[in-house]
Amino acid sequence: MRILSIFRLFFNLICVGGFLDTVLAVGDGEEGNTLTSKLVTNPKCQAQIARICGKKSEHYEDLDALECILNEKRDEADELSDECNHQMWLYRKSITESDGFLQLTTKECKDHFKHQASSCFDQKEQLETSLVDCIVGNKEHFNISRCRTLVTRLESVIFGDYELMGRFAEKCLNDITKFKCGRNEVAKKDSSSNKLPHSQGKTIECLSDKVQQLDDQCAVEILRIAELQVDDFHLDRALFFACREDREKFCARVSAGNGRVYKCLVKHKLETEMSSECREQIFRRQRLGWHDFRASGIVGTCKTEIRKYRCRRETSSTSDKHVRLSQILLCLENAAHTGHEINRECLYEIKQHRRALLEDYTLTPELLSACISEQTNYCAGKGVNGNTIHCLMALAQSRDMDMRIKPQCRAALENIIKIGDISSDWSVDPVLEQKCLPVKEKSSCATAPPNRVLDCLMNLLVSDTNQGPDANAMTEDCETTLLQIQYFISRDFPLDSVLFETCKDDAKKLCGATTAWSPDPDNYEPSRGPLIMSCLFRNIDIEGGTSQVSRPCADKVREIMRRRAISVRLMPEIEEPCLTNLADFCSEKTRPGDELNCLQDHIMELSPNCKIAVSNFTEMEMRNPTINPYLYKYCRQIIDNKCSEDKSEDSDLLQCLIELKPEMKKSDDKKCRASVEHLQLLRLKDIYFSPKFKSQCHEHVVRNCQYGDNGRRLVACLSEIIRNDTLMESTPRISKGCRKQVRNLLLSKIQLENGQLDQNSVYAVCRESVKELCPHVVPGGGRILECMSQSKNRDWLRKGDENCYKALFKIQQDVNNDGSLDIHLQRDCSTEIKLFCPGRTDDLVSCLLKASNQVDKGFNAERCGRTLRMRQIEQNSDARLNPRLRKACRSDISRFCPNVQYGEGRVLKCLKKVYVSPPKSMALSPTCKEHITGVMEGAAQRDVRIDNALYVACKEDIDRSCQGIDPGFEDGDGGKIEECLKSLFHNRTLKFVSCQEQVKQMIQSTLIDIHVDPILNKACSLDLIKRCDGVPPGDGRLIGCLLAVLEDDKVKKTSRLSRECHDLLLLRTELFQQAGSSKLESIQDIVHEVQKSPHKNYFLTVAMTIVGLIFIFGLFCGRATRRRAEFKDK
């Protein structure tokens, strides 16, 4: 009954057709009388039909003639006479009556109608609706082609005149009068039709334009008519006449029927060649279809799916309520997204409606009424083709709160975007297609399927577009459009079709989300989108556990988070609480990604809610650094090549990049370096942005460092504990994991050489001094710190910038205590560290010093040796910077130098004095003695500045008397400075007593270890092998051996020493005599002085060994010479 009542109006309209076999006799001026002649032979119309239709009347059936007259385009001069028009109207009216319709129908069709629509012939039914109405309402059940065609032909002639639609005329009479849509009124509006009694659907067109304002009864009738007209292009008379020429232009090869012509015209509606009249009629039809899905044409293609997935039942609570197209689309899209089967033709039909929706904002009355003020004030003139909708999208994201769209407008816009479902097929958005098609075609997205194109285009924003097929592909227009769309997608989890498909099961299990794409089309919740994303991301990496999110979903979530991080607008959880802070701090940050970086830079100044939101994201970012779009974009090649094993869900990857910063020297690496430093700086601002520090060090912080949330003081506290435990060789109080995290944070402090980044860094404190002392040094690679650490600069700082000196000294302590923090050493000695000291962090300098003689095995003395020498100079300037000294001489310092202040090499000076002249019955410990020997040896062999006590005491003498020998020379002085000082000492021309004492100690130290005199050691190297083989070095044993041989040669008047060694050893004896505490006049005196030495036992042992060897030699050799003499006598 419902279907019959729906089509009752149409049958009244259909009966306009024309009998194929029936003769209707119409008398002159007598309406309603049956005529014996056919319409085509009626003398009042015969000639005119022949003129207009181009055939003689006898060649036409009445219905053919009527169709010709109604469909033929003609001007006013070709119009029918009033008499003929009247006959035509009487003929059309008669067809709407049951008798006339039955006379027109063949026996075959009459029987078919009775069989397929038997209820239409029931007398009770005919009381409620006409036979014609009922037949038209059941047209879809007629499967005999010519019978169905007959009904369609009748519809086309009926719909031209509302008076022929009995029920329609009755139900809409008030609205026809109210809106002046009657025949006369319409004719006045359109001068071209003012002499056309047959209104050709003008009344229906007029009312359909005002369907929202009509009475309910009339609106129902209009939508019923629209439902019937949808099948054939000819049935909508206004559309037919407006688009006749456009049909020939665009759809000439498309046959009529099943809405094919109309669909073809819709595809071309925005082309410039289409007439404005036709375009307007298409928009009108689309608006009607939006009100009632049956008037949209989707039923013919998607009928099975609509019934199968119960779309009408799911969207309508009352049986006779008109279901909007939006509800049907959401139902079908939900079925498609949840894995249900949709036939290809239906999917295509859905796509066309989605595109139409995004093209013309006027199709949806809700959007039109909700956004009327925004459209008028800000988007006027944008027109169709999606421009107005994108204008509203931009307003929704505006930071100017006065320009932002109202909540009701925003809700309507979100609904449109939901139905449009752009992510599942990017081409449904005409603006996106227009702006981004060139980008797609010349990038790697050219081969992406439609549901992956939007994803691919977004990835171009966060990938390195300087290389490969994507080089310079992205345009500003495309980027702007993408971000407008992503603003809404980021707020509704299902709107990202790929994300929804990949993560819907995880979202349901972990976050309480539904697996339905659109569970409630009338009341879905876009606001839950950010909550679901945050929930999934939190579950990717759970502290102390493994990810609860599936691997494909975890990868997709990271990718989405990385893309959204390019703009705060795509992160509603941050944008909403931070709007005020964005205006205060970041109003000039307009480039993508700048706003988030800006908020992070000002994190300590943000409002409480904003700070919480930014902090939460930053913690997640530190745990998954690849969600930082710029780090991923500019560091991806380095990550793939060198950090592939560190691509975990935590900060290991970031630490890998931090350690690789010294290698980032190319211009292409600058942006990667900047991205890494941004995250490093954030970790320094709040140590809890370092997830591993938070987990590994929390216990130690609570136990040892009560400084609240002051991250810098906490790190300094833990660092001091670690350093002291190392020096005291005590059981570490800080766990290995925490020590590593402290080291990482300290490394960040050192690497951030731009004081603008960290206002509390040593570089910021020393900004003015850096300008003074290192004006031409380019920041990076530890160069600023290395320049400031040079002895001459530290001397200047000690006097001129105390704050800088203190800050620098703290950094030097950390660097010298942990070799992994020494950027300069790590860079210049990277190969040597891998070869000789793999895995070493503490005492790295000592390890490298031991390997420095292995040039044949790969030690680079020029590059690494230079840096190693500079580190020795720095460490020996202050015992607090020399962990090796403090460790080797800890007990000696407390015993011999308890009151000596640190700094300026004073502790080293004290220990050297004990080394050369120990108190009675006391001597340095073996470890300390070995260390002091190494210091003096290094000063003698490489650079006098390594012996800081000697260099400080003799600096003025060196500057005055050792001209031409520059201790600042990159390769050191090679022992030349010490030779110069020895010469000055020998000539008694040293000016300062302190220098004399230091040179005297230097000379006396040779009596303890010959290696501290490299020139003597080199000159006598062969003699040591020949004459002192087997004598262990150190404690004066080798020099004692050489002196004993020299004395023996003098007694026996032999010459077993080489000339070079002999001569130099004699010169050294003069220095020994001059440097001794008593006058030494002979070698015997020197030997005597050696015997007084605390090392006399070694010297005595060496002397007795030599005497013993001579005795044994004489014992055997003497007997041999005696035998020879006796033999000779015989």
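Note that Cβ sites are derived from N, Cα and C of the backbone, with glycine treated the same way.
Going by TrEMBL, these are the annotated features:
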SIGNAL    1-25  signal peptide
REPEAT    213-273  repeat 'Cys-rich GLG1'
REPEAT    341-400  repeat 'Cys-rich GLG1'
REPEAT    605-665  repeat 'Cys-rich GLG1'
REPEAT    859-919  repeat 'Cys-rich GLG1'
REPEAT    923-989  repeat 'Cys-rich GLG1'
TRANSMEM  1098-1118  transmembrane segment
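Per-residue confidence over the repeat 'Cys-rich GLG1' (213-273) averages out at a pLDDT of 83.
Across the repeat 'Cys-rich GLG1' (923-989), the DSSP tally of helix, strand and coil residues reads 44 helix, 0 strand, 23 coil. Residues of the repeat 'Cys-rich GLG1' (213-273) grouped by DSSP class, helix first, strand second and coil last, total 39 helix, 0 strand, 22 coil. In the repeat 'Cys-rich GLG1' (859-919), helix, strand and coil residues by DSSP number 40 helix, 0 strand, 21 coil.
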